[in-house]
Amino acid sequence: MNLKQELIERFTRYVKIDTQSNEDSHTVPTTPGQIEFGKLLVEELKEIGLTEVTMDDNGYVMATLPANTDKDVPVIGFLAHLDTATDFTGKNVKPQIHENFDGNAITLNEELNVVLTPEQFPELPSYKGHTIITTDGTTLLGADDKAGLTEIMVAMNYLIHNPQIKHGKIRVAFTPDEEIGRGPAHFDVEAFGASFAYTMDGGPLGGLEYESFNAAGAKLTFNGTNTHPGTAKNKMRNATKLAMEFNSYLPVEEAPEYTEGYEGFYHLLSLNGDVEQSKAYYIIRDFDRENFEVRKHNVENIVKQMQEKYGQDAVVLEMNDQYYNMLEKIEPVREIVDIAYEAMKSLNIEPNIHPIRGGTDGSQLSYMGLPTPNIFTGGENYHGKFEYVSVDVMEKAVQVIIEIARRFEEQA
C-alpha cells in the first residue's frame, strides 16, 4: 500500500466515527465517541510498532517512536485532536472520494441541492488533478482534525518501515475536546517528555502557523417574563428580544464574516430560547492582548447597561479565557519554526506563514512549557457540509513530518 492509499484507507475509516465534542458536558472527554476512537488508535499504534502506547483516564493517547540514531537529538512531538467541531452534525459521515478532480462544481447531494462550487469557494479549481474527499452534503467531514491525525499515523508507519531515515525519539499524542478549547486541560507535558512539538491541525498546503488568537467564550442567559400576549402591556419581558438587543450593541463589522488577517471579532455561535429564557454563546477573539481585554470589557459593559435598564436578573454573564497568543512562547525557540520552514522548502512547498484565525492545542501547550507551532493538513472549509480535503496535500504533510524528524537528527 502506497502513502496515498494508506491515507485514504485510514482517513475514510476514521471520519466515520462520531467524535464531536460537547460544550455542555462536564466529563473528560466530553463524548464517548472520543474514547472509542482513542481505543482504536491505541491498537493501531501498537500494530504499527510504536512503543509506550498509553491512553489515560481522560482519553489522551500517547506513543513513542524510539530513536534509531546514536546522536543526542531533542525529543520532538507531533499532535492532533480526536474530536470534531460542534458547528454542524458529525454523525453518519459518508466520505465521497473524487479521483483526478476536474476542478469544476461537485454536486454533493442532489436531493438537497448541495453543490460545492468555484463561485462560492474560489480555491476549488486549484485542486484540479488531485484526489479530494468531500462530504455527502449532510454532515461535516471531520478533516479537522482527522486529516492531521491520519498524517501522523502514516508518517510513523513510514519511518518504521524505512529505518535508513535517521531520527531521534519522537512522541505522538492525540488529544480530546480541542474544538471546545479544553484540549490541553489534562495534558501531561512532563509525561509527554518532548522539548517541543508540532500540531498537525492547519489548512491548505504550506500553512505554517505560530501566532494564534487570544480567545474567550461568553455564555449569556437572558431572563424574561412571559404573560398572555393579549394582556402583556407593561408586564411581558421577552428574553429573545433581550438577546437581540445585546447583539445590536456589538459592532456589526467586527464579526467573522467581515474580518481577516490580524483583525479580531465577536462571534455569536448559538442562540436559542423563547419569551421566558434565551441563551446565547459568543466567542471573542483578538491577536493583540490589549484589544482582547478591551473586547471582554465591552461585553461586560453592555451586560451592566442592560442590567441597569431591565434589572440585575435580566442578563447573566459567564465569561472565561480559553487560550492566548502562542507567539510569545515560540519566539525564544524560533529554530523549531525554521526547521519546519526549511523542511517545506526542501520538498518544493512554499511556506505560507500567517496567523491562526482559530486555536490549536498548541496555543495552550506553548504556555504549559511545550512550544508547539502548527502545520498544514490539506483541509478546506472546516466545520461544515462543504468541508473537503486533498489527499495529495495530505501526502505532502506526511513528507513534511518525515523531513522535520530527519532534519532534527541531521542538525544534532
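Cβ coordinates are placed from backbone N, Cα and C, and glycine is handled just like the others.
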Swiss-Prot annotation, Zn(2+) 2 site containing D144, E179 - matching residue among H354, H383: H383
Co-listed Zn(2+) 1-binding residue [Swiss-Prot; alongside D144, D201] among H81, H267, H297: H81
Three-state secondary structure, D83 (active site) (per DSSP): coil
Rounded Cα-Cα span from E178 (active site, proton acceptor) to H81 (Zn(2+) 1 binding site), Å: 6
D201 (Zn(2+) 1 binding site) CB neighbourhood, other CB atoms within 10 A: 30
For D144 (Zn(2+) 1 binding site): intrachain residues, at least 6 apart, with Cβ closer than 8 Å: T84, A85, E179, D201, T377, G379, Y382, H383, E387
Around the Cβ of E179 (Zn(2+) 2 binding site), the count of other Cβ atoms that are within 10 Å: 27
Site of maximum Cβ density within 10 Å, from binding-site residues H81, H383: H81
